[in-house]
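For reference, the structure discussed in these notes is given below.
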């Protein structure tokens, strides 16, 4: 185990240029997912997040096989699936969770079949699924920063409409809000947040970035504003600590970050000021 | 089931008052099944109208049709302006703003981390407009609405910590934030205890007296007879409509609800209805 000081020195070491890049990507993804995740958690759409996360996979696989842009491939696949789920979910005959179940497993299966056609796929498969901190191209970092900023701007611009729909769809519709379009917008935002996070955290674990920090934040506050600040703070902090632990103990980065975030969630669950299990048990 | 209306005079609003809601020849078909047919209803300023009927009679559908949330045919006018439902287009802003909708309490996400004040402000989301923040007038409207339902002292409380009656008041305040001409309340009394129901009834009465029309669906028939100026008995169409005194007899209730003449419910209804009207002589409908 190396000390935090050594970690900072490694970050500044030009031979380890990938490390600060990985840190930036991990923290950026976690912060963006922390904000987006607030909507995901409050709307109870974690399963949709899972679906989109899996659906990104065939896009990544196709981009990998064709040597194209991973971000673009993932975005197209993720957004397509998000839109399909949103549209199919309007049909009341089939429950939304079944629709999601159909699409996301199919998408994931498609991704596995596609990537198996590429030579030497086993190594890249592991990177896709569980994340990797090496080999992130500079242009991906730039894309992630730009996309992240755009997502924050979009969520800020449509905040009051998204909240009105989350609170009460029926009344939002009666007030004249375009509910379906706002749903689609949110789904596209979720898909984009996942795409920029997949490379560092991995496809299987990215859902945790979306749900765990926001869920922990919900336990800590009853106000939306503080929750939207706490979620990304917990996410970003977990990414920093997780990357440090992963680097110094030689553990897989995605898994370590997620476990740190989970530890924060458990602490919040036990000790949150008003809703914590232990807090409630101890207060008379 | 034929659509007989209990006298033309009782389906229209009281003379002299402005009709805020006018529904004519309304028909709604959902999933190939006719839900409403030939519905005719007028509600005037100052009226508290109860919409009653058995489960599946189309009470909520009628409210949703007025809001333009389900496709329908016929004419619906609010404050003299046509509501054009079923085209998938959002209605003109003035119509949207003259209707205040109070859905059933379970439609609202009470676990959402917002305060009473913030929840009420969402009622003005379309008035505020895209890419804009709330202005002084919006906060003022929220304050007025909260004052009106006597919830100002709880304005900073998270909505999840409110009682059932308080939650109902928040939903009413959210609708009042647009200062609408008509309030549509869907089952406001469900799951509330009797004292709370009485307080809310008082509030709805006062809201109607302030030059507003108030329409509510109601499961509790005796309560509706007790509280409302006028009742509209709905079962796919308007089976009967009139003041409680006009509906004291068992016949329209038997037709709307399919109950037998000996039902104790009818006795209770007629007693409450006759008790409300001092001018009405005892018609001896007790069976």
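Glycine residues also receive a Cβ, built from the backbone N, Cα and C atoms like all the rest.
TrEMBL entries are annotated by machine, without manual review.
Feature annotation (TrEMBL): of A:101-121, A:206-226, the stretch labelled transmembrane segment is A:101-121.
Sequence-remote contacts of a segment are chain residues at least 6 beyond its ends whose Cβ falls under 8 Å from one of its Cβ atoms, and for the transmembrane segment (A:179-198) they are 28-30, 32-33, 36, 39-40, 43, 45, 48-49, 52-53, 55-56, 60, 71, 74-75, 78-79, 81-83, 85-86, 90, 128, 131, 143-144, 147-148, 151, 154-155, 158, 161-162, 165, 169, 172-173, 206, 209-210.
Of the candidate ranges A:72-89, A:101-121, A:253-272, A:253-272 contributes the most Cβ pairs within a distance under 8 Å of the transmembrane segment (A:22-42).
Long-range contacts of the transmembrane segment (A:228-247) within the same chain, counting only residues at least 6 positions beyond its ends with a Cβ under 8 Å from a Cβ of the stretch, are 2, 4, 7, 10, 19, 22-23, 26-27, 29-35, 37-38, 133, 209, 212-214, 216-217, 220-221, 253, 255-261, 264. Same-chain neighbours of the transmembrane segment (A:101-121): 50-52, 54-55, 57-62, 64-65, 77, 81, 84-85, 88, 128, counting only residues six or more beyond its ends whose CB sits under 8 Å from a CB of the stretch. For the transmembrane segment (A:47-66), same-chain residues at least 6 beyond its ends with a Cβ under 8 Å from one of its own Cβ atoms are 37, 40, 72-78, 80-82, 85, 96-97, 100, 103-105, 107-108, 110-112, 114-115, 117-118, 124, 128, 187, 190-191, 194-195, 198, 203-204, 206-207, 210-211.
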